[in-house]
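Positions annotated as transit peptide by Swiss-Prot: 1-28, 29-60. Taken from Swiss-Prot, the feature region 'Disordered' applies to 57-92. If you look up Swiss-Prot, you'll see 61-127, 201-209, 279-289, 336-340 marked as topological domain 'Stromal', on the strength of sequence analysis. According to Swiss-Prot, the compositional bias 'Basic and acidic residues' annotation covers 79-91. Taken from Swiss-Prot, the feature transmembrane segment applies to 128-148, 180-200, 210-230, 258-278, 290-310, 315-335, supported by sequence analysis. Annotation source Swiss-Prot lists topological domain 'Lumenal' at 149-179, 231-257, 311-314.
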Amino acid sequence: MSSTSTSSALIHHFRLTTRNLGSPTKQRCPYAVTFCNSWREAGLRYSVTQRRSKGFGPVSALNDDDSPTETTPGVGSAVEDRPPDSSEDRSSSVYEFLYPRKEELPDDKEMTIFDHLEELRERIFVSVLAVGAAILGCFAFSKDLIVFLEAPVKTQGVRFLQLAPGEFFFTTLKVSGYCGLLLGSPVILYEIIAFVLPGLTRAERRFLGPIVFGSSLLFYAGLAFSYWVLTPAALNFFVNYAEGVVESLWSIDQYFEFVLVLMFSTGLSFQVPVIQLLLGQVGVVSGDQMLSIWRYVVVGAVVAAAVVTPSTDPVTQMLLATPLLGLYLGGAWMVKLTGR
C-alpha cells in the first residue's frame, strides 16, 4: 500500500483502496477507517509483524459489506435475545416463560438498577407504614380481639392465667402484630404486584389477576376454617382428654401461640392449588401427572398436616390433611381442564 503523509486534523474519514497481500498482485479492499486509541480497541485483524510495520497510528477497519444493520441491545437491556429454535424443547412452556417473544413484552420504559432500587425502597416504606398503622389500630382494640380468639374454648370451662408479670401485655402485642400483618397484607400484595408488573409479559399480566384473587381467597378461607373447625376440634380434644383428672388452667401466652400459629399455617397450606396452577402454566408438570401420584399425595398430606399443626393429636392432623388432599385434587383437575 502506498503511504500518504497527510495531517490527521484534516482527515476524518478515508478509504484504503489497495492492500498488499504479499503477492505481486494487489486487491482492492474497501475499508472504512477511523482513528482509535489502541490496536486492541480498533480490532484490526493484522498480525504483530504487520502492526509494527505500519507507519500510521491505530485505526479501526470495518468492511462495508459487513456493516451491522441494526443495533445490538446494550448492557442493562430488558430484552434478552431468544436462542435459536434448534431443538424440540424450545417450543415448550418453560422455554416460552424464560424467553418470551418480543411481541408479548410490554411497552414500558426501561429503568436502571438504581431506579429499581429506589422504587423498591419506596414500596417497602409504604408497606411497612401500612402494617405499622394496622398494628396500632389492632392494639387499640386488642382486648376485644383476645376475647374473640378465646371464644372456641370459653364454653368448655377453660380458664386463662397470667403466669408472669407483663405476660398479658406482651400477649396483646403479639396478637396485635399478627392481626396487623393480616390487615396490612393487601397493601403488601399490591406493592409487590406494582413492582413486578412492568417486567411481566402481556399473557402473564392476564394470568396474574386470577392467581392473586384465588390466593387471597384461599388464604382467608384457611383462616376461617382454622378458627371455626380446626381450632375448636383440637382444643376440645385436649380438654376432654384431661377431664376428670386435671383442671384446665392455661397460660394466656401459650394459648395464643398455639391458636395464631395454627391459623396462619392453615392459611398458608391452603395455597396448594395456586402452586399447582403456577407449575402447570409454566409447564413443569401436567394435570395427568398430578393425578397419577395421588397415593403419594395422601401420605404427603398426612405428613404435612403433622408438620404444620403445632399439636400432636391425630384429630387435628386428620382434620387438616383432609382439606389439603381435597385442595390438591381440585387443583390437579383445574390444571387438566386448562389444557396443561
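Glycine too: its Cβ is placed from the backbone N, Cα and C atoms.
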Discussion item. Just to be sure I understand, if DSSP states are collapsed into helix, strand and coil, how many residues of the topological domain 'Lumenal' (231-257) fall in each?
Written reply: 18 helix, 3 strand, 6 coil
Worksheet item: Mind checking which residues reach the transmembrane segment (128-148)? Cβ under 8 Å, same chain, six or more beyond either end.
Response: 171-173, 175-177, 179-181, 183-184, 187-188, 256
Practice prompt. Average the pLDDT scores across the topological domain 'Lumenal' (311-314) and report the rounded value.
Written response: 73
Worksheet item: Residues sitting near the transmembrane segment (258-278): Cβ under 8 Å, six or more positions beyond its termini, same chain?
Response: 149, 152, 174-175, 178, 211, 214-215, 218-223, 225-227, 230-231, 234, 290, 304, 308-311, 316, 320, 323-324, 327-328, 330-332, 334-335, 338
Worksheet item: Going along the chain, which residues at least six beyond the ends of the topological domain 'Lumenal' (149-179) come within the CB cut-off of under 8 Å?
Response: 134-136, 138-139, 142-143, 227, 231-232, 235-236, 239, 247-253, 255-257, 259-260, 264
